[in-house]
Amino acid sequence: MPTHCWPSYSLYPRNDCVLCAFVHVVLPQQHSYSPCLSHVCVQEASCGYVIILMALYWCTECMPLAVTGLLPVILFPMMGIMESSEVCNQYMKDSNMLFVGGLLVAIAVEYWNLHKRIALRVLLLVGVRPALLMMGFMGTTAFLSMWISNTASTAMMLPIANAVLKQLCDSEAQAEEREMDLMPEPEVEESLEARERRLKREAKYLNLDKGMSLSVCYAASIGGTATLTGTTPNLILKGQVDELFPGNEDIINFASWFGFSFPNMVLMLIISWLWLQFMYLGCNMKKSFGCGMNKDGDKEAYGVIKNEYKKLGSMRFAEGCVLVLFVLLVLLWFTREPGFMPGWATVLFNKDRPYVTDGTVAILMSTLFFMIPSQLPRCGGYSEDGKPLKAPPTLLNWDVVQQKMPWNILLLLGGGFALARGSEVSGLSQWLGESLAPLQSIPPFAISFLLCLLTATFTECSSNVATTTLFLPILASMAVAIKLHPLYVMLPCTICASLAFMLPVATPPNAIAFSYGNLKVMDMAKAGFVLNIVGVITINIALNTWGAAMFNLNTFPDWANVTIIP
């Protein structure tokens, strides 16, 4: 007789189960097919306990997040939920390889300062007028965050912003001093007027400094939502969809994600710029955009950016190689499976099965960084001391990768996938889905909006990785139970997990901006509260317009019509 009558679908009860014995005595006619209900409840409760424990640990950070992500390796086998080998398999999936490949490209871009060259070049184009300067910093930061980490882009852009603003403030102060020297007024009145001007100027630039700091950190979070590799929650969604719905026909890939999220990112970026412009620069378009004005201070501030750009020198061979590989990677991602026509992967490799994925492409291109030399190689020859010339170093070496690669995120990703798998195996996902079935009477757009608000609130006090890891399996179960397209709730909530604008501790970019000392918690809370609401609204507009058309969200797909129990 089998030791487990559920979830192995055995039609016979267990000898050692009290409930099965009771059913056998009281209801003998049902002996041939009564499942072990007590075993069902124990497995569900055990998995629920692990999820709650990990949620508490992630929220309080009483242990490192990555270490908490390893708890399923210990608890699931000991509780009889999953075998150890099956749990460990969840920590190295295709989504993890996509994450590693994307980060290797980002590390190469940062290592050769290509991101700084791009940023400074854009700022030279937009100029230093306050509104245009803010627009330039936001656009540049968002673009960089699409490809490198939000933290790195914020850490690079904020010092440049502070240096430009300091130069603008100093130049204006010098201009005012020259004006005061030319005015034939009594010394007392002159000192009072100079003091008033100084206080007014300091208040003006304090506001501008606050607005610029917030614009950079907010743009980093918004920009990360535009690409599949831009931020970790996006990859968690892809991994969870592939795990829970194996027959989804690669519905989430680089091209489809970009097609949905990029327009939404641009819309959010414009609204954020307008809101911060209103809060910190006012509605005086002439001053903000500098119409009809030509100050010497602007030229000096422009010179600061120009000098920083000159320090980089001309583009080196290594930077050119990194740029070419980066562009080639993006092109391969877009054309692998564009959706409106067969991609190169379908034609060459994926004729009957999805052999080649975005992760394959990412690892292929990132491997080239360890093969291509960083200098033009020479054929033979000797150095000045008569020794044979050595081969030039490659674009990347493992020591650099070892220092910059956030290995902890891989464990976090794996922990999330293990939780999702454990919820399926234990039956917790099915139980949650059945419990949420009454939501079927609520309009789908209302469900999506409320869940987005819940996610955006929760992510303010918890890691966005932990938020998506905990929420997505539950949302998938609910969607299957009420016959709603899973992406209708999973996709917007994933993006909302990155909209943490209100608190300094919510995201690393927020913390970096706050560390400069010019912001108060209330400044961030006032600006961020409005942007959180705006973000939820814009995401739901995108979901019900072009998102519905792209992913066919108005119908329940066949690939989702599965029982979330293996």
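Each Cβ is built from the backbone N, Cα and C atoms, and glycine gets one as well.
These come from TrEMBL:
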{"type": "TRANSMEM", "residues": "55-76", "note": "transmembrane segment"}
{"type": "TRANSMEM", "residues": "96-114", "note": "transmembrane segment"}
{"type": "TRANSMEM", "residues": "126-148", "note": "transmembrane segment"}
{"type": "TRANSMEM", "residues": "254-276", "note": "transmembrane segment"}
{"type": "TRANSMEM", "residues": "317-335", "note": "transmembrane segment"}
{"type": "TRANSMEM", "residues": "442-458", "note": "transmembrane segment"}
{"type": "TRANSMEM", "residues": "465-482", "note": "transmembrane segment"}
{"type": "TRANSMEM", "residues": "488-506", "note": "transmembrane segment"}
{"type": "TRANSMEM", "residues": "527-549", "note": "transmembrane segment"}
Can the transmembrane segment (465-482) be said to touch the transmembrane segment (254-276) if we require at least 3 CB pairs below 8 Å and skip pairs under 6 apart in sequence? no
Criterion met for the transmembrane segment (96-114) and the transmembrane segment (317-335) (at least three Cβ pairs under 8 Å): yes
Same-chain Cβ contacts of the transmembrane segment (126-148) under 8 Å, 6 or more residues past its ends? 102, 105-106, 109-110, 115, 118-119, 154, 156-157, 160-161, 164, 168, 208, 211-212, 215-216, 218-224, 226-227, 229-231, 265, 269, 272-273, 276-277, 281, 285, 287-290, 298, 301-302, 305, 326
